[in-house]
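**Q** Got a structure for you, questions after.
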Amino acid sequence: MSMYGRDPWGGPLEINAADSATDDDRSRNLQDLDRAALSRPLDETQQSWLLGPSEQKKKKKYVDLGCIIVSRKIFVWTVGTLVVSAVLAGLITLIVKTVPRHHHGKPPPDNYTLALHKALMFFNAQRSGKLPKHNNVSWRGNSCLRDGKSDPGTTMKDLVGGYYDAGDAIKFNFPASFAMTMLSWSVIEYSAKYEAAGELNHVKEIIKWGTDYLLKTFNNSADTIDNIAAQVGVGDTSGGSTTPNDHYCWMRPEDIDYPRPVYECHSCSDLAAEMAAALAAASIVFKDNKAYSQKLVHGARTVFQFARDQRGRYSAGGSDPALFYNSSSYWDEFVWGGAWLYYATGNSSYLQLATHPKLAKHAGAFWGGPDYGVLSWDNKLAGAQVLLSRLRLFLSPGYPYEEILRTFHNQTSIVMCSFLPVFTSFNRTKGGLIQLNHGRPQPLQYVVNAAFLAALYSDYLDAADTPGWYCGPNFYSTDVLREFAKTQMDYILGKNPRKMSFVVGFGNHYPKHVHHRGASIPKNKIRYNCKGGWKWRDSKKPNPNTLVGAMVAGPDKHDGFHDVRTNYNYTEPTLAGNAGLVAALVALSGDKSTGIDKNTIFSAVPPMFPTPPPPPAPWKP
């Protein structure tokens, strides 16, 4: 008969009830067994165990390793083999290390990364003021060091610095602010890609050069202001005017000697709100530099308040800016500036403003129109909708913002659908370039912005584990959006009917007669005066200086392009255009798996919901 007890480790314990012997009995039985075992003849190993080393006759035949005993012969062979193997391995390693061989390094950088290095150099060439030592553009020098001081009528006396807008020497703050906002946005989303390309410090320097100047254009230490310097320099040559100015004269910026008036505005909501967006976005880029970041945030709050208090367009009434960068309205800048200020401060009053239905309605969020969904220096609505869709995708703040955020998210989906070739919202050239400005000149600045938004939005969806989005009943993968962005950027970099890159210095075939004063006049210690430079403007020879990284205005609607210096509609680059180019290139560069930085943009945003209570203490009996 047997019974089973429970083993705490899971198996049964068999207990033999018949065996009732005591421990003493068992121990005696074992001793009897030991004696019985000794009566049998012992082999050598057993003798060695019992008699000890002094009684072993052939003790050298075996080696005792503690846990096992092995034949000495086998032991010697094993150790010998191991030693020889180790020596051979060492020799092989030594030979492998010392013999020169071809290293398989990292794969070569892709075209987008190569073009990115060049596109950023354009900003170095556009710098005004006293240049940093490491500017790396040999044909540029210090210029316009009396900006502000030379105009007795302006309240801002130090307007040195900033960027020249295009091929001229005018500083237009409206498109320049937009350019800085776009660069900051691209850094916030793709800092890891900039880092991988070795350009993070460079792009941050470029942004700071722009924001340092913007802070000079108003009283940035005050809480309220009543004017902003909107522009330095004048370009109006209408009516046959021969007064020397930045468009009539063709001079290197370093040689300018004519007066440069400052245009100030007292009701300029569009400009002020765009400046607020630029300063707020940059404050996130520089969040690790606390003092500078706070200075930018304070400046952004001040100009945004001014934009709200003193309503009006900065380019109203036939002013000089209206000729070149005429703003159509300021409502889109209110949404855009409000969104950026919310991200920079976490103050929900900015989010309430940016998601106000009336504001969205005025900005044109609920109706189409031929230019709906086209992001540009004039209309930021598409950018603002993508920026606020980000909030819904990752933080989902819910009531009271959900309704308008859902609307913006839906509108963003519609805009993305409009970029796809299967829809006919926009024509395409035979070569495949999307006509976002409907065949009008200078198309590329709009194309790069769309490519950036498409690549960025596809990265948003990927980061939110969403495989795509709907256009009506049809579902499209995020890869389709990325493919749109790539085909457009590839066209710009040379995959077009003319086999020509529209980015100067990229590839073998690119524009050589760029509409740009500094690049077209040799740095030969000769100072060409206002009209003296005309011979360089009208020359058929290529520019003596290469404006590396400049994206020209672009081809016409038939893919045609004339590399002619005097036709700015083909050959003039701009700050805003190049900012979009940089943003699109970094979004497409490097490894797709790198994706966006999901959290940095939200670093100032407080938690959306109350902190959950701590978990209860563990229960004790």
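Placed from the backbone N, Cα and C atoms, the Cβ positions cover glycine too.
Model, not experiment: these values are computed from the prediction.
Features from TrEMBL:
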REGION    1-26  region 'Disordered'
TRANSMEM  74-96  transmembrane segment
DOMAIN    112-585  domain 'Glycoside hydrolase family 9'
ACT_SITE  HIS515  active site
ACT_SITE  ASP563  active site
ACT_SITE  GLU572  active site
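Walk me through the surroundings of each of these features.
**A** For HIS515 (active site), the same-chain residues lying six or more positions away in sequence with a CB closer than 8 A to its CB are ALA166, GLY167, VAL552, ARG565, THR566, ASN567, TYR568, THR571, GLU572.
Neighbour list (ASP563 (active site), Cβ cut-off 8 Å, at least 6 residues apart, same chain): PRO511, LYS512, HIS513, TYR570, THR571.
For GLU572 (active site), the Cβ neighbour count at a 10 Å cut-off comes to 22, with all displayed protein chains included.
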**Q** Mean pLDDT across the domain 'Glycoside hydrolase family 9' (112-585), rounded to an integer, is what?
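**A** Averaging the confidence scores along the domain 'Glycoside hydrolase family 9' (112-585) gives 96.
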